[in-house]
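Heads up, the thing below is written out as structure tokens.
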Amino acid sequence: MSSPGPSQPPAEDPPWPARLLRAPLGLLRLDPSGGALLLCGLVALLGWSWLRRRRARGIPPGPTPWPLVGNFGHVLLPPFLRRRSWLSSRTRAAGIDPSVIGPQVLLAHLARVYGSIFSFFIGHYLVVVLSDFHSVREALVQQAEVFSDRPRVPLISIVTKEKGVVFAHYGPVWRQQRKFSHSTLRHFGLGKLSLEPKIIEEFKYVKAEMQKHGEDPFCPFSIISNAVSNIICSLCFGQRFDYTNSEFKKMLGFMSRGLEICLNSQVLLVNICPWLYYLPFGPFKELRQIEKDITSFLKKIIKDHQESLDRENPQDFIDMYLLHMEEERKNNSNSSFDEEYLFYIIGDLFIAGTDTTTNSLLWCLLYMSLNPDVQEKVHEEIERVIGANRAPSLTDKAQMPYTEATIMEVQRLTVVVPLAIPHMTSENTVLQGYTIPKGTLILPNLWSVHRDPAIWEKPEDFYPNRFLDDQGQLIKKETFIPFGIGKRVCMGEQLAKMELFLMFVSLMQSFAFALPEDSKKPLLTGRFGLTLAPHPFNITISRR
């Protein structure tokens with residue numbers, strides 16, 4: 001357990017992650033006439049920095065920032081910049097390939113240097129990283145009212161208008177919208193057996209698509225993504241889309257491409273200079289066009305629902321929202337329930353609900369392909385409890401501890417949202433003896449939490465039995481938090497758990513999965529983005 005209070009950093013030369021953040025930016029060659037001016041400027045800036053750090057005394061330890069640029073956020077650089085920076089040569093010199101290292105890994109290494117709670121600066125913004133379960137729980141649960149806000153990130157603010165349920169600021173409007181959204185999703189089956197038939201029905205299409213490949217290798221990404229998206233569509237839109245539907249395929253492509261641009265392109269510079277968003281070329285122009293296309297698609301669906309709304313028999317989330325919106329307008333002229341907010345909530349549900357569960361299932365397929373002994377035990381348990389002919393049910397969960405433990409172990413190792421969604425403090429506070437000022441950006445490193453050797457024995461090993469007791473029964477560990485904890489916990493957690501169990505068991509019941517012969521072992525580092533996605537891989541299937 002983490003001990004409270006500031007800890008002294010080691011006296012010896014720190015390891016490579018700390019050196020990366022403390023290294024000088026390089027020597028400037030100047031003509032003599034500019035030297036004096038530069039020197040005066042540097043003295044002023046260093047004085048400003050020193051005074052600022054004096055004011056911030058008591059914050060968690062961390063690498064010394066440079067004036068203006070702070071630590072320059074090297075640990076958060078996307079691959080397109082990381083490959084072009086001095087970070088690349090220094091990490092390679094340390095024997096690490098920067099192209100496959102995500103920020104969650106670099107931050108975990110820094111925690112070994114500075115402690116489980118440490119800080120760094122991006123420009124003048126203070127960032128505090130929480131690296132173990134106890135600090136995450138104290139912040140997000142015990143001080144939830146202080147740590148539940150979202151930071152004001154220019155790119156996110158422009159794209160989302162700070163609406164929806166994922167990126168909206170913490171307050172009365174967010175609470176109202178989240179409460180309604182969660183209760184409405186539960187009404188349509190979230191976490192209930194009534195949603196089972198839709199998931200099982202969708203698996204039939206997955207099975208048919210996979211069987212088309214016969215014994216040939218194929219990439220399962222689009223098949224899984226289509227299926228997961230359709231389950232969200234059935235809840236939100238009241239319909240599913242055929243996998244060959246051109247509009248549906250285009251929308252999934254737009255959303256995937258939009259996320260890629262936002263997280264791994266020059267568009268990230270919008271967070272420094274917001275006006276860059278409106279540049280008429282390159283990824284800036286492409287992102288704006290994608291926004292227009294997604295907006296057109298979702299607003300057409302909302303309009304269709306308005307025209308066909310049956311007030312006595314609402315069919316889906318949009319119908320329920322429209323009815324609630326009408327009721328609110330009668331009683332509250334300042335209500336936050338309007339078409340624009342509905343649009344952003346639908347976008348949140350569609351994008352976040354698709355990306356997280358899709359990648360969790362893909363990781364499961366990859367780990368089964370890499371661990372045939374574990375896959376065989378899962379097959380045996382499915383055969384014993386369900387057999388070959390009956391579809392799985394959530395009621396089977398209690399009798400399938402090894403299968404459940406296998407899913408949990410995949411989630412532990414791959415934590416699909418490794419740094420959660422960043423939080424922000426809404427007032428000054430103290431966390432384990434450290435001063436955390438108002439407006440501090442908080443990064444809960446869930447990846448680090450799930451690889452903490454103080455909690456998990458041999459944390460790098462894939463070992464489902466760690467979730468089983470001596471009698472082979474499932475152990476519920478409070479330190480297992482792949483969906484986060486606190487007031488901002490993933491709203492779709494129950495849906496994701498249902499989809500993961502029913503889809504995974506259905507896949508294992510129907511097929512055995514393997515990597516193609518003579519193929520290279522896929523990297524297990526993952527691709528950092530909104531979620532931690534596996535690198536592209538192919539698999540082969542054999543009927544069971």
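Heads up, the Cβ atoms here are built off N, Cα and C, so glycines get one too.
Residues or ranges marked as heme binding site by Swiss-Prot on the basis of similarity to another entry: Cys490. When secondary structure is read from DSSP and collapsed to three states, Cys490 (heme binding site) falls in the coil class.
Feature annotation from Swiss-Prot assigns transmembrane segment to 30-50 (among others); the stated evidence is sequence analysis.
Among the features that Swiss-Prot reports, transmembrane segment is placed at 113-133 (among others).
Look at Swiss-Prot and you will find 261-281 (among others) tagged as transmembrane segment.
Positions annotated as transmembrane segment by Swiss-Prot: 342-362 (among others).
Away from its own ends, the transmembrane segment (495-515) comes close to residues 185, 190-191, 195-196, 199-200, 203, 206-207, 210, 227-228, 231, 235, 353, 356-357, 360-361, 364-365, 368-370, 372, 375, 378-379, 382, 386, 388, 391-394, 396-397, 400, 403-404, 407, 483, 521-522, 537-544 of its chain (Cβ-Cβ under 8 Å, at least six residues beyond either end). Swiss-Prot lists 495-515 (among others) with the feature transmembrane segment.
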(request) Specify the count of other C-beta atoms within 10 Å of the C-beta of Cys490 (heme binding site). (result) 20
(message) Do any residues, 6 or more residues outside the transmembrane segment (342-362), come within under 8 Å Cβ-to-Cβ of it, and if so which ones?
(response) 160-161, 163-167, 177, 181, 220-221, 224-225, 228-229, 232-233, 235-236, 252, 255, 259, 294-295, 298-299, 301-302, 317-318, 321-322, 325, 410-411, 414, 416-417, 490, 492, 495-496, 499-500, 503-504, 507, 530-534
